[in-house]
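*Asks:* Here you go, one structure.
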Amino acid sequence: MIFNRELLRKYFIMGSQNCHRDPNAVLEEALAAGITAFQFREKGTGSLSGEKKLQLGRELRERCRAHDVPFFINDDIELAEELEVDGIHVGQDDMPVKEVRTRFSDKIIGLSISTQEELDRSPLELVDYIGVGPIFTTSTKEDSKQTVGLEWIHTIRAQFPDIPIVAIGGIQTENAPSVIEAGADGVSFITAVTEADDIKEAADKL
Ligand code: TZP
Ligand code: MG
(Lines of atoms letter the chains of each structure in order from A and count residues from 1; the text may use other names and numbers.)
(Lines give C-alpha, C1' and ligand atoms only; values in the text may rest on other atoms or scores of the structure.)
(Ligands and ions follow the chains in the order given, each with its own letter.)
Protein backbone atom coordinates (compact mmCIF):
# COMPACT_ATOMS: atom_id res chain seq x y z
CA MET A 1 0.00 0.00 0.00
CA ILE A 2 1.29 3.42 -0.94
CA PHE A 3 1.65 5.81 1.95
CA ASN A 4 -0.38 8.95 2.07
CA ARG A 5 -0.48 11.24 5.14
CA GLU A 6 -4.29 11.16 5.12
CA LEU A 7 -4.06 7.57 6.34
CA LEU A 8 -2.91 8.99 9.67
CA ARG A 9 -6.11 10.96 10.19
CA LYS A 10 -7.91 8.48 12.50
CA TYR A 11 -5.39 5.86 13.48
CA PHE A 12 -6.83 3.27 15.85
CA ILE A 13 -4.46 1.13 17.93
CA MET A 14 -5.31 -1.88 20.09
CA GLY A 15 -4.64 -5.41 21.22
CA SER A 16 -6.83 -7.90 23.05
CA GLN A 17 -5.54 -6.52 26.39
CA ASN A 18 -7.32 -3.23 25.64
CA CYS A 19 -10.70 -4.81 24.90
CA HIS A 20 -13.56 -5.69 27.22
CA ARG A 21 -15.08 -7.88 24.53
CA ASP A 22 -14.12 -9.67 21.33
CA PRO A 23 -11.35 -7.62 19.65
CA ASN A 24 -12.77 -8.65 16.27
CA ALA A 25 -16.08 -7.00 17.10
CA VAL A 26 -14.35 -3.87 18.41
CA LEU A 27 -12.25 -3.55 15.27
CA GLU A 28 -15.20 -4.25 12.98
CA GLU A 29 -17.19 -1.41 14.57
CA ALA A 30 -14.24 0.95 14.34
CA LEU A 31 -13.71 0.06 10.68
CA ALA A 32 -17.39 0.55 9.92
CA ALA A 33 -17.17 3.94 11.63
CA GLY A 34 -14.39 5.09 9.32
CA ILE A 35 -10.98 4.71 10.97
CA THR A 36 -8.24 5.35 8.41
CA ALA A 37 -5.56 3.01 9.82
CA PHE A 38 -5.22 0.24 12.38
CA GLN A 39 -2.24 -0.87 14.44
CA PHE A 40 -2.21 -4.28 16.14
CA ARG A 41 -0.42 -3.66 19.42
CA GLU A 42 -0.61 -6.89 21.43
CA LYS A 43 1.50 -5.82 24.36
CA GLY A 44 1.61 -5.50 28.15
CA THR A 45 -0.36 -7.16 30.94
CA GLY A 46 -2.90 -9.69 29.70
CA SER A 47 -1.68 -9.70 26.11
CA LEU A 48 -1.50 -12.83 23.99
CA SER A 49 1.70 -14.35 22.65
CA GLY A 50 2.80 -17.11 20.30
CA GLU A 51 0.15 -18.96 18.35
CA LYS A 52 -2.74 -17.05 19.95
CA LYS A 53 -1.24 -13.70 19.03
CA LEU A 54 -0.67 -14.92 15.50
CA GLN A 55 -4.23 -16.21 15.19
CA LEU A 56 -5.77 -12.96 16.42
CA GLY A 57 -3.42 -11.02 14.16
CA ARG A 58 -4.63 -13.00 11.17
CA GLU A 59 -8.26 -12.29 11.98
CA LEU A 60 -7.73 -8.56 12.50
CA ARG A 61 -5.55 -8.35 9.43
CA GLU A 62 -8.30 -9.83 7.27
CA ARG A 63 -10.85 -7.37 8.62
CA CYS A 64 -8.64 -4.46 7.64
CA ARG A 65 -8.07 -5.94 4.20
CA ALA A 66 -11.81 -6.28 3.67
CA HIS A 67 -12.24 -2.55 4.43
CA ASP A 68 -9.14 -1.54 2.51
CA VAL A 69 -7.71 0.05 5.64
CA PRO A 70 -3.95 -0.22 6.23
CA PHE A 71 -2.87 -2.73 8.86
CA PHE A 72 0.18 -1.92 10.96
CA ILE A 73 2.01 -4.15 13.39
CA ASN A 74 3.65 -2.72 16.47
CA ASP A 75 7.23 -3.76 16.71
CA ASP A 76 6.91 -7.50 15.93
CA ILE A 77 9.09 -8.07 12.86
CA GLU A 78 8.35 -11.79 12.62
CA LEU A 79 4.62 -11.16 12.56
CA ALA A 80 5.12 -8.40 10.00
CA GLU A 81 6.17 -11.03 7.51
CA GLU A 82 3.66 -13.63 8.55
CA LEU A 83 0.71 -11.24 8.40
CA GLU A 84 1.79 -9.44 5.23
CA VAL A 85 1.27 -6.11 6.97
CA ASP A 86 1.03 -2.78 5.20
CA GLY A 87 3.21 -1.11 7.77
CA ILE A 88 5.36 -1.46 10.87
CA HIS A 89 5.55 0.92 13.80
CA VAL A 90 8.70 0.86 15.91
CA GLY A 91 9.74 2.64 19.07
CA GLN A 92 13.16 3.90 20.00
CA ASP A 93 14.07 0.64 21.75
CA ASP A 94 12.93 -1.68 18.99
CA MET A 95 14.77 -2.89 15.89
CA PRO A 96 16.67 0.10 14.44
CA VAL A 97 14.87 1.86 11.61
CA LYS A 98 17.79 1.26 9.27
CA GLU A 99 17.41 -2.49 9.68
CA VAL A 100 13.63 -2.37 9.37
CA ARG A 101 13.93 -0.33 6.16
CA THR A 102 16.48 -2.73 4.70
CA ARG A 103 14.28 -5.68 5.45
CA PHE A 104 11.01 -4.09 4.34
CA SER A 105 11.84 -1.72 1.52
CA ASP A 106 8.24 -1.35 0.37
CA LYS A 107 6.33 -1.22 3.65
CA ILE A 108 5.16 1.85 5.53
CA ILE A 109 7.39 2.54 8.51
CA GLY A 110 6.49 4.68 11.50
CA LEU A 111 8.79 5.70 14.35
CA SER A 112 7.95 7.03 17.80
CA ILE A 113 9.64 10.28 18.79
CA SER A 114 9.30 11.71 22.28
CA THR A 115 12.26 14.05 22.73
CA GLN A 116 14.43 16.49 20.80
CA GLU A 117 17.34 14.12 21.28
CA GLU A 118 15.41 11.29 19.63
CA LEU A 119 14.43 13.63 16.83
CA ASP A 120 18.05 14.64 16.28
CA ARG A 121 19.46 11.13 16.14
CA SER A 122 16.73 9.37 14.16
CA PRO A 123 17.09 8.65 10.41
CA LEU A 124 13.90 10.47 9.49
CA GLU A 125 14.59 10.08 5.78
CA LEU A 126 13.96 6.34 6.18
CA VAL A 127 10.54 6.57 7.79
CA ASP A 128 7.16 7.46 6.30
CA TYR A 129 5.74 9.10 9.41
CA ILE A 130 6.52 9.77 13.04
CA GLY A 131 4.34 9.12 16.07
CA VAL A 132 4.73 11.85 18.66
CA GLY A 133 3.68 11.75 22.27
CA PRO A 134 2.47 11.08 24.80
CA ILE A 135 0.71 14.39 24.20
CA PHE A 136 -1.64 14.10 27.18
CA THR A 137 -1.70 11.89 30.26
CA THR A 138 -2.39 8.28 29.42
CA SER A 139 -2.91 5.28 31.64
CA THR A 140 -2.91 2.85 28.75
CA LYS A 141 0.81 2.38 28.26
CA GLU A 142 2.55 0.88 31.25
CA ASP A 143 5.99 2.32 30.52
CA SER A 144 4.71 5.61 29.17
CA LYS A 145 7.20 8.46 28.99
CA GLN A 146 6.57 11.92 30.40
CA THR A 147 3.86 13.87 28.58
CA VAL A 148 5.15 16.28 25.98
CA GLY A 149 2.06 18.46 25.44
CA LEU A 150 0.78 20.15 22.30
CA GLU A 151 3.87 22.35 22.28
CA TRP A 152 5.93 19.38 21.14
CA ILE A 153 3.90 19.11 17.95
CA HIS A 154 4.52 22.80 17.23
CA THR A 155 8.22 22.31 17.92
CA ILE A 156 8.58 19.42 15.46
CA ARG A 157 6.42 21.14 12.84
CA ALA A 158 8.64 24.20 12.98
CA GLN A 159 11.72 22.08 12.26
CA PHE A 160 10.12 19.71 9.74
CA PRO A 161 7.28 21.46 7.90
CA ASP A 162 6.49 18.42 5.73
CA ILE A 163 7.00 15.35 7.88
CA PRO A 164 3.82 13.32 8.40
CA ILE A 165 2.94 13.40 12.11
CA VAL A 166 0.45 11.32 14.05
CA ALA A 167 -0.01 12.26 17.68
CA ILE A 168 -0.59 9.75 20.48
CA GLY A 169 -1.37 9.61 24.17
CA GLY A 170 -4.56 10.58 25.96
CA ILE A 171 -6.31 11.68 22.80
CA GLN A 172 -10.08 11.74 23.21
CA THR A 173 -12.94 13.24 21.24
CA GLU A 174 -12.75 16.48 23.25
CA ASN A 175 -9.05 17.24 22.75
CA ALA A 176 -8.52 15.79 19.25
CA PRO A 177 -9.17 19.15 17.48
CA SER A 178 -6.40 20.82 19.49
CA VAL A 179 -3.95 18.17 18.27
CA ILE A 180 -4.75 18.85 14.62
CA GLU A 181 -4.61 22.61 15.21
CA ALA A 182 -1.14 22.16 16.69
CA GLY A 183 0.05 20.74 13.37
CA ALA A 184 -0.46 16.96 13.48
CA ASP A 185 -1.77 15.19 10.37
CA GLY A 186 -3.77 12.81 12.47
CA VAL A 187 -4.64 11.38 15.86
CA SER A 188 -3.98 7.90 17.18
CA PHE A 189 -5.87 6.50 20.10
CA ILE A 190 -6.64 3.38 22.08
CA THR A 191 -9.12 4.04 24.89
CA ALA A 192 -11.07 6.72 23.00
CA VAL A 193 -12.52 3.75 21.13
CA THR A 194 -11.96 0.69 23.34
CA GLU A 195 -13.61 2.40 26.34
CA ALA A 196 -16.35 4.08 24.33
CA ASP A 197 -19.98 3.18 25.09
CA ASP A 198 -20.72 3.77 21.43
CA ILE A 199 -17.77 3.16 19.11
CA LYS A 200 -19.56 4.57 16.08
CA GLU A 201 -20.24 7.84 17.88
CA ALA A 202 -16.70 8.09 19.28
CA ALA A 203 -15.03 7.41 15.93
CA ASP A 204 -17.36 9.83 14.16
CA LYS A 205 -16.50 12.58 16.64
CA LEU A 206 -12.80 11.87 16.37
N1 TZP B 1 2.39 5.28 23.16
C2 TZP B 1 2.44 6.46 23.77
S3 TZP B 1 1.03 6.74 24.66
C4 TZP B 1 0.35 5.26 24.21
C5 TZP B 1 1.24 4.59 23.39
C6 TZP B 1 1.03 3.27 22.80
C7 TZP B 1 -0.98 4.79 24.69
C8 TZP B 1 -2.13 5.55 24.11
O9 TZP B 1 -3.33 5.11 24.63
P10 TZP B 1 -4.55 6.09 24.88
O11 TZP B 1 -5.58 5.23 25.56
O12 TZP B 1 -5.03 6.57 23.55
O13 TZP B 1 -4.05 7.19 25.77
MG1 MG C 1 8.00 -0.72 20.71
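Every residue, even glycine, has its Cβ placed from backbone N, Cα and C.
Just so you know, TrEMBL annotations never went through curation; they're auto-generated.
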*Asks:* TrEMBL has Gln39, Phe40, Arg41, Glu42, Lys43, Asn74, Ser112 binding 4-amino-2-methyl-5-(diphosphooxymethyl)pyrimidine. Which one of Lys98, Lys141 is in the same site?
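*Replies:* Only hit among Lys98, Lys141 in TrEMBL's 4-amino-2-methyl-5-(diphosphooxymethyl)pyrimidine site, alongside Gln39, Phe40, Arg41, Glu42, Lys43, Asn74, Ser112: Lys141.
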*Asks:* Same chain only, sequence gap of 6 or more: which residues have a CB within under 8 Å of the CB of Asp75 (Mg(2+) binding site)?
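*Replies:* Once residues fewer than 6 apart are set aside, Asp75 (Mg(2+) binding site) is near Arg41, Lys43, Ile88, His89, Val90, Gly91, Asp94, Met95.
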*Asks:* Measuring Cα to Cα across Gln39, Phe40, Arg41, Glu42, Lys43, Asn74, Ser112, Lys141, which the record gives as the 4-amino-2-methyl-5-(diphosphooxymethyl)pyrimidine binders, how far apart are the two most distant ones in Å?
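*Replies:* If we measure all Cα pairs in Gln39, Phe40, Arg41, Glu42, Lys43, Asn74, Ser112, Lys141, the largest is 17 Å.
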*Asks:* Near ligand 2, which of the binding-site residues Gln39, Phe40, Arg41, Ser112, Lys141 are found, taking a Cβ distance under 6 A to any of its atoms?
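*Replies:* List returned for ligand 2: none.
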*Asks:* On the 0 to 100 scale, where does the mean pLDDT of the domain 'Thiamine phosphate synthase/TenI' (11-193) fall?
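*Replies:* Over the domain 'Thiamine phosphate synthase/TenI' (11-193), the predicted model scores a mean pLDDT of 97.
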*Asks:* Kindly point out which of the binding-site residues Gln39, Glu42, Asp75, Lys141 have a C-beta less than 6 Å from some atom of ligand 1.
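*Replies:* Near the molecule: Lys141.
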